[in-house]
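Now, the feature entries from TrEMBL:
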ACT_SITE  70  active site, proton acceptor
BINDING   8, 9, 10, 11, 12, 13, 71, 151, 152, 153, 154, 174, 179, 180  substrate binding site
BINDING   41, 70  Mg(2+) binding site
């Protein structure tokens, strides 16, 4: 039986991954579903380093493949911030609202609002990285939040070709064009090749 442990407890990520990789595995579980209570500190200097650390460390204590991701928002005018610190951008007690407020304050006087979401995925087994993919979704930061869908920086991330923010785009469309969707598609292709 081929098993995949996803190094997350985020059920939204688990559903998305199951939908794309379900044909390759007999069983796909989150850490919680698998009864794993491991905490891996994300102290790497890149999305790849953080995803790799999570996948490799957890793959040392379970049988089967382990998939980890690290993702975030990079804003060109802010020297790629918030970057790997996206989730904790506003400091202690960070949440989506505080992170978005800080981002808006920092880009307020910037002409260049070019930004991209990055998703790094690492598939590991027995303590070794097996596959690494990284993809991104391009957009720009707008002046105020728009939309009710999504989470994180989605209400500020405007996608020109759709004329909407990620939070305004229907989830079924976002799940085809997002950084995570692109990374999962690349991972799926790499799994098929192996």
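Every residue gets a Cβ built from N, Cα and C, even glycine.
Known features from TrEMBL, placed on the structure.
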{"residue": "8", "record": "substrate binding site", "contacts (Cβ under 8 Å, 6+ apart)": "14, 30, 31, 68, 69"}
{"residue": "10", "record": "substrate binding site", "contacts (Cβ under 8 Å, 6+ apart)": "30"}
{"residue": "12", "record": "substrate binding site", "contacts (Cβ under 8 Å, 6+ apart)": "151"}
{"residue": "41", "record": "Mg(2+) binding site", "contacts (Cβ under 8 Å, 6+ apart)": "53"}
{"residue": "70", "record": "active site, proton acceptor", "contacts (Cβ under 8 Å, 6+ apart)": "42, 44, 47, 48, 50, 51, 54, 84, 119, 120"}
{"residue": "71", "record": "substrate binding site", "contacts (Cβ under 8 Å, 6+ apart)": "47, 86, 117, 118, 119, 120, 179, 180"}
{"residue": "152", "record": "substrate binding site", "contacts (Cβ under 8 Å, 6+ apart)": "73, 86, 87, 96, 99"}
{"residue": "154", "record": "substrate binding site", "contacts (Cβ under 8 Å, 6+ apart)": "147, 165, 166, 167"}
Give me the largest Cα to Cα distance among 8, 9, 10, 11, 12, 13, 71, 151, 152, 153, 154, 174, 179, 180, the residues the record lists as binding substrate, in Å as a whole number. 21
Quick one: what's DSSP say for residue 10 (substrate binding site), helix, strand or coil? coil
Three-class DSSP assignment, residue 71 (substrate binding site), comes back as strand
